[in-house]
Amino acid sequence: MDTRGFSSEALTDMSHLETSPRIDYFREKDTKQALREANIVALMDVTAVGNTMAQEQFKLTANYVRQMTDRILWFCPDALVAVFARPVTATLAIVSEIFRYFGWWNPDRIVGSIATYDGRIKKMTAAILNLERTSLSVPLAGGADAQTLIKLYNLRILSNVVFVLLPPVLMHLFRDYARFVNPGIHVFWFLLMVVGLSSAYFHATLSLIGQLLDELSILWVYMAGFCMFFPRRYFPNVVHNDRKLFSICATLPTLIATGLALIHPAVNAFALMSLGVPAIGFLIMELKRTTSVRVYRLGLRCGIMWILAVVCWLNDRLFCDTWLNLNFPYLHALWHLFIFIASYTAAVLFAYFAVQDEKPQQSPVLKYWPRDNFELGIPYVTIRSYVKSSYNMNI
């Protein structure tokens, strides 16, 4: 029923949905005919609401919601009422209070919904990404405020940019390392880019495929680092001190873990987080052996970044609603940033340790870009003595 000439916008936003029932159009003068014996009533926005602030929306919507609620009570009091009129947190309370006052309130038959936000955001995102709306899912965490929803969505996508932009820089900085020590280092940087792209796709769609791509890419980048940098002195006897054979053996449990990830996706995030514990443990052991103060300081910063990442992840997982109520929806974006810094810094450190332990004649040097005397820059490992490495060092 069109009471204010606003139905066209809502119908356009939801036009991609499949509808089998017959749809009739009524003007305001036909209210009785439209609502009589209705089973479901959707209380929509008024035209003037637009994307104004919540206070202005309430001023424009309150009287309209009261009038329509009175009509619903008069013609179809037993109907299920879905309140879409913005701001939903306020209009839902108005409808509930009026129903309670007249003795018709039933918590199972009055609901609030932000589905119209979902439709508008999907329409906008589909246009930007050139995707089909029917296959698109956009995150709506953040409550009933459309501005918060979009802001949170954008931050999660933008926080993955560092995963895509920094690895090519690291590939350039590690060109001597790749040439004289281990060309497999470029595989690691490439996989970090895959992690960033997969994570961006997951947060743009919130689909199961996106989740699996994100989590499996993290698993395999961990495996690549494990095969390249695991200290040779800890190799089991069965691999005969052969890194290539060790890498082949490590691939088998990774393939098994990949299969398990497809069976129980809900536990993937927790399993992946647990992998950080042994990595930090080995990092601590290597830092105790190093004589370089510069390397030790970088190791401390890496550990701090990992701790901050874990704190952000746990708070985002366990206390998301609390932080949203405090108007701070940035924890997941900060998690992305901190874990990337910790991951690539750990890779730099283990690359240094690998050369120092297995090819000390190469004389590895830890440097920073763009200025070597600025230790908050991008760390990388260069080689002072250029001696071609053996194939057995490679992944």
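Cβ atoms here come from the backbone N, Cα and C positions, even for glycine.
Going through HIS186, HIS203, HIS240 against TrEMBL, the one listed in the Zn(2+) site together with HIS332, HIS336 turns out to be HIS203.
Looking at 216-233, 245-263, 269-286, 298-314, 334-355, the range that has the most CB pairs within less than 8 A of the transmembrane segment (157-174) turns out to be 334-355. In this structure, the binding-site residues under consideration are HIS203, HIS332, HIS336, and the one with the smallest number of other Cβ atoms within 10 Å of its Cβ is HIS332. Scored on C-beta pairs under 8 angstroms, the neighbour of the transmembrane segment (334-355) with the top count among 245-263, 269-286, 298-314 is 298-314. Within its own chain, the transmembrane segment (298-314) has Cβ neighbours under 8 Å at 273, 276, 280, 283-284, 286-287, 290, 331-332, 334-335, 338-339, 341-342, 345-346, 348-349, 366, 375, 379, counting only residues six or more beyond its boundaries.
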